[in-house]
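Database features, via Swiss-Prot:
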- 1-25: region 'Disordered' (REGION)
- 60-246: domain 'Rab-GAP TBC' (DOMAIN)
- R105: site 'Arginine finger' (SITE)
- Q144: site 'Glutamine finger' (SITE)
- 238-258: transmembrane segment (TRANSMEM)
- 367-387: transmembrane segment (TRANSMEM)
Amino acid sequence: MALRSAQGDGPTSGHWDGGAEKADFNAKRKKKVAEIHQALNSDPTDVAALRRMAISEGGLLTDEIRRKVWPKLLNVNANDPPPISGKNLRQMSKDYQQVLLDVRRSLRRFPPGMPEEQREGLQEELIDIILLILERNPQLHYYQGYHDIVVTFLLVVGERLATSLVEKLSTHHLRDFMDPTMDNTKHILNYLMPIIDQVNPELHDFMQSAEVGTIFALSWLITWFGHVLSDFRHVVRLYDFFLACHPLMPIYFAAVIVLYREQEVLDCDCDMASVHHLLSQIPQDLPYETLISRAGDLFVQFPPSELAREAAAQQQAERTAASTFKDFELASAQQRPDMVLRQRFRGLLRPEDRTKDVLTKPRTNRFVKLAVMGLTVALGAAALAVVKSALEWAPKFQLQLFP
């Protein structure tokens, strides 16, 4: 049985064969927990293995494990978080009133049935975390939706560690969203349609004809889907995945959701209002593990460096997320490029088809081709290539991601 059931990924296929299937599931889960702890206890910590565990089916399994692994994925010292002093910043912060309004509207982000007093206390902590990070990093600008990311970390790791983790995240993965303008955010959204075009040109052309644009995916991207998913288990599963990957992985996941809903989109009236309304409502019963696997495959087959020219709408002076990610990876333990893994992925294609299938754009459905290639079966070479790819492609990112 797949590990996904522990993450609320929906019922698995087939029926229980006595206790055999349950025993198999428990054995896989126990094995994965042991592998995670082995990586944590290695000297130095085997961060590459932790990234693979975070990406692979089931993710990091429990919040207890996340409290240990998330700091490693972000290269944060969990034993020395910064002091909390956000309460002293409320009167002087220009963002306080907006943060307060957003936090007050965040009731549904807290577990149902949580005592009101406890929830109100957490909301106060949420405000303090945000204001402290903004005070310590004046180059960062608050945006509506930022609190949706912060509250996820708060609920999993607590106030003190959440401050350290979100601060690191804000200066790396989220950096483009925290510019004074939305130019870089819009540029990242511009990757969505080229990804869809590579996989399903028919769907791409339909959406272009409808002139739906990409604004429907804005809240997905800037909140890491925290604002639009009602089941907290799905949210933290995606955070496992995104924390282990390149900063642009959320836009690949957004593309995979659209591709998964292909028939619904094509059955819509071909107009902006109809398609936007459909896509802005994310189904809550998505096959998350399958979509995570496919997003990883697409990142490997169509890396950002190959899509940058299409995605670029105008010359970008800032290349913050891509350039800082290289420095971030260099600072993380056990992060080395692995050409063998990339070659293993390319070995899945016949030599005469490599250039034709990866770099050209035949008007066929590549989503089906990915499944046929078998890349999503166990996330093996593709997952490894995803976690190792950032350094290998870093020079291209710096030159081409924001051309």
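Here the Cβ of each residue, glycine as well, is placed from N, Cα and C on the backbone.
Within its own chain, the transmembrane segment (238-258) has Cβ neighbours under 8 Å at 50-52, 54-55, 59-60, 66, 70, 73-74, 152, 169, 172-176, 188-189, 191-192, 195-196, 199, 203, 207, 217, 220-221, 224-225, 229, 265, 279, 282, 286, 288, 291-292, 294-296, 298-299, 304, 321-322, 325, 386-387, 389-390, counting only residues six or more beyond its boundaries. For the pair formed by R105 (site 'Arginine finger') and Q144 (site 'Glutamine finger'), distance between Cα atoms is given as 11 Å, rounded to the nearest Å. The Cβ of Q144 (site 'Glutamine finger') has 15 neighbouring Cβ atoms from other residues within 10 Å, across all protein chains displayed. Summed and averaged per residue, pLDDT over the domain 'Rab-GAP TBC' (60-246) gives 93.
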